[in-house]
């Protein structure tokens, strides 16, 4: 009841904000063209910083060639270049400069190659029986189907049935309500985006081991990708906008279906640990250029609070440089204990991207004391990735007789149910490989 | 021809030339079976259809399909006679082989054996050619046969939609501006194109709440909640009676090494979890015990359609023509009894009508005429609201009778003792949120904020 009244108050606040915004157009009319990146040339092409940039690239994933950037920059200083040559060189220069990864947080640069455990919450549940793995629990209670689907709905596809499907929805509502109560604004986002936007967020699309599904470009004009996280659609929403400083820090939340083409043959990632499509609640933040660190901590605390209230044993990791993707300045990963697998599995992460994305997508704000507009800082984090959460929840709350206790905060969203038991309203269906009986007889005539 | 008609009717903004290669993913002929894994052998019962040619002709005519059924029948007959020829040749070959064996084992007349061997060789060559010819013809014929539509239910009107029930009448209200403008004014909608729109604030909550509201109400009517897969292979898309090669019917994904496990024909399509092909993927080639029927399933999630057919052929559709819609989809499998299926259909239509009634907005329920039916439908009850901007009715949801059309193609069966029979299916999209939102915004174009739009207390409690 208390949560509902808090949410109502928050919603009134949200409603009022929107009424205010409706009167004064806050955002300017936005063109949908992905802009040319406005990179920090003063930093990237300054000899003073060249060594530290090189060091950074080495410690990160090794992508990016700062020497090439310097070389092209020097060539462009030549006044005697023809117009055509200048344009070609400029294009090459921009491509090379775009690839340089974001700076690394100085605290993180001190770590060697392993992540630093920043916080541990809760304890490993003590079982007086052998805890089962998620796939065994789901099989026994008839909650999920993964077999014989490859030829019908694609590799590694899955169906949640009955109360497991209800639990997915309960998780989404629980997370959304929590975010709304923490000053987040909910946005519904598209799942199909132009590839350019996805690339501007720091993900390469055209490589061989791509993580991204695309629409067949022989059939559909333009390059369209299926988004792997709502972060991309939200960044696309903010593209080319000049925000008012009174709106910052801006907290956005989105529930979306995420599509990822990456596969894994690692046995730890079996089952629904790594799948091609799943539901996720995402957080996205925009701050002034010096306040992103504070909001990152806020995101992390929110995640820790949400997951621990569901009874999970967690550890928060501050990731070392080589685990950071190109846009990230600093990244926290939160892992939950999965007793069935006897391992910690990553259930969420949150990254501070400083001005990497905003420089590529032209996200700016007007500073308090006037002057020219500055690039905002962006952050993103997973509020709830359903499959991993379900693995962790079912394995943690399983009971000796095979049923699963529903964590208290989720019970109101599951019509007050306390446990998940065998789904007797879903029949066991036989899978038959051969033809229909009558057709077999006909062929034998 | 059919493809050209489609290109004219639905302007495809995002489509280059569609190359029609007439390759069925559902029916795989013998020569290709070696190189390509045949996922399913559909049950072809077209002989029964050909027994009633006049009914079939009328069916195709009323649906305004460009199919010459007489031509299909004549090619089918040619195929049958060729198959008979092949069988005769095969029998002859077997006979000769037997005779040769007999002679060899008894009096061993070498000259006779040589004569028979020569004869046998000629027969084998003939047979090879005939088999090849049969496969070629089969490919053509099966594609045509598989494109024949479902029967028409006697309740389906021939010409115009038939109004079954009506609650409130919005068509008397005056025309408003489009819901896109209204949504922008209320700052709840950012519409860039049919492939890209954002719902903000209260509208985003409305989306989640409506999905929950409809699903929750259906679960009270013995529906089981499911969370489905969003991809479907060509086999399933074709199995549902949709054109798997037409990029304006479903989104076709680019092939990559990761997702290409079979050869080209069985591609991956983005259909969305709350869609008919997604449920069909789950049921294909499976046998349900009869005690579980009627099996009522409901799923909420995304539905992706590159081109939505509007009731009025207008250029501007806003939220009514978007490619991504959050929806609630239902799927009911019933036993092989026409009255069973119609019972479920009537019950479901009544239940959904009640849910819309409680929502409080004016709507009507109509049976769609034959020309508006999809291939797999034999009867379609459409839940429609009036768009004040377009001045026409927009379908928000529907419930359709699919009978055993899809189950025969995808081998969806149930078991009674030792006998296996095809299930009869009732499917439908209960609500498509962007369409509902568009109509609601237009109905309340005077509202100062989204929250002030009158939604009944029961729903509001669920939403907030």
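Cβ coordinates are placed from backbone N, Cα and C, and glycine is handled just like the others.
Record features, source TrEMBL:
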type: DOMAIN; residues: B:292-454; note: domain 'Aminoacyl-transfer RNA synthetases class-II family profile'
type: BINDING; residues: B:329; note: L-serine binding site
type: SITE; residues: B:429; note: site 'Important for serine binding'
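Per-site Cβ counts within 10 Å over the recorded positions B:329, B:429 peak at B:329. Note: the CA-CA distance between residue B:429 (site 'Important for serine binding') and residue B:329 (L-serine binding site) rounds to 4 Å.
Confidence annotation: the domain 'Aminoacyl-transfer RNA synthetases class-II family profile' (B:292-454) carries a mean pLDDT of 89 in the model. A strand conformation is recorded for residue B:429 (site 'Important for serine binding') in the three-state DSSP classification. A strand conformation is recorded for residue B:329 (L-serine binding site) in the three-state DSSP classification.
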